[in-house]
């Protein structure tokens, strides 16, 4: 028993030691770079899933192990930890800092709740729809980073309003119950004891609630350490966080410019098949928009059922009368909004910068028209979303927010300086450096997989699929891509697999789009882990979620995503591109050996 207690106390330490030692035969017996990289991949993946070490500490392991195995030099692997994403994150966090400092997010959140209502199901669908729409034109990362502060504020306002409403109702109930007991004692006399026995459980309900709530005190926010008021509040926060990261990813499927994987696929495809001319902004939108809409609705239903339950009767009941609790919530939120007063100068400036940033992101290279990035045509590809984010971020440190004054010896108040919209100290308090390291570790792991040849080895194992039925080939390749993209970056996954899947399609005499399109769409289905993609890491940084929460919810969304893609490939997408016939623009390798 004592030994078991020691094992429980030091379980994380034992897991780290055992994991490192038990997997060690892999690189020692199979002495190849692929095996050595697979060893690092397995160790990091296990530590990330079990949280045996802090996630950001685990993310540093590739920087330690890759140079030791000779996979990447220390200088090379270090450069993987700071990418264009981090510059984008810095600019967006500057925006988030100003939004929260001047309470713009609270104003937007309260106004939105007043318009939509406090029902979490409809509120979540509203957030998912708006996030998906933004993600069609902006990067998934910037969309998630912009929307999450608003969502967090909405969730906290609903929780606060419900707490006040319940406190008001409990006070009124206790007073009414006490008054009723006094009347019973006067009128009924001898039956008082019997009445008290029946009334005791009702009056004791507040104590019971206290016991339940005390049990729930063990459930605390992982970042702030603040306990949740109830399990339902915790579940609602989880629901809203996951709905934002999933909808930002799903929305990016809709346009060629929506995600980097779409752009990489388009570039590779047009280079390999220049005669096709079948993929453009409009055709991509027509094939992917139904996929995104169906998957968004199914994901909403799945998340709602998983965390809060799904009561169709209550949600779709016409003319439903608001309960006293809902009325009280609405009243509290209205009062909170009125406390903010009229909109301030600092809020207006922050809102203008936000709108300009979104407009510049959208118009940089929209695809269907020439964007402003054409002004830098001599250095094509140099200007990215991070450029816009950094320009906006610097403006927050430059634009005056208010004057700083001091009193002179004569008693006169004079201005001697100004305070910008945000200060560096305020920015530092908001910047999630641990998440920056976490995502950097994911980039380093992906670069290591590519440098060692592990990604190529995994992709080459798809070649024997040629003897299988086409629907099974699509299903297997989609599942493999969906699994691989959880631990490797989406761009690396599509870059490695495209040269494998294209010859496969040509060799078995199948329209390349039949295999390449579902694989490209599934490359974005990185829903399982915080490090699978940046939006996951952003919502994870708010502290409401554990890794196991993302695994449970993400597994369901992954399955739904693959199913919807399979549905589309054999319905509207098949008819759009005539996938049943082998195209003339593809090489004919029927009688040749597959490369």
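All positions are counted from 1 along the displayed chain.
Placement of Cβ uses the backbone N, Cα and C atoms for every residue, glycine included.
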Range annotated as transmembrane segment in TrEMBL, from 14-41, 42-69: 42-69
Segment assigned the feature region 'Disordered' in TrEMBL (from 191-211, 212-232, 233-253, 254-274): 191-211
Seg_contact(the transmembrane segment (435-458), the transmembrane segment (42-69)) with at least 3 CB pairs under 8 angstroms, min sep 6: yes
Top partner of the transmembrane segment (81-99) among 42-69, 119-138, 285-307, 382-399, 553-573 - counted as Cβ pairs under 8 Å: 382-399
Spatial neighbours of the transmembrane segment (553-573) far in sequence, C-beta under 8 Å, 6+ residues away: 242, 246, 287, 290-291, 294-295, 298-299, 302-303, 306-307, 471, 474-475, 478-479, 482, 514, 517-518, 521-522, 525, 527-529, 532, 579
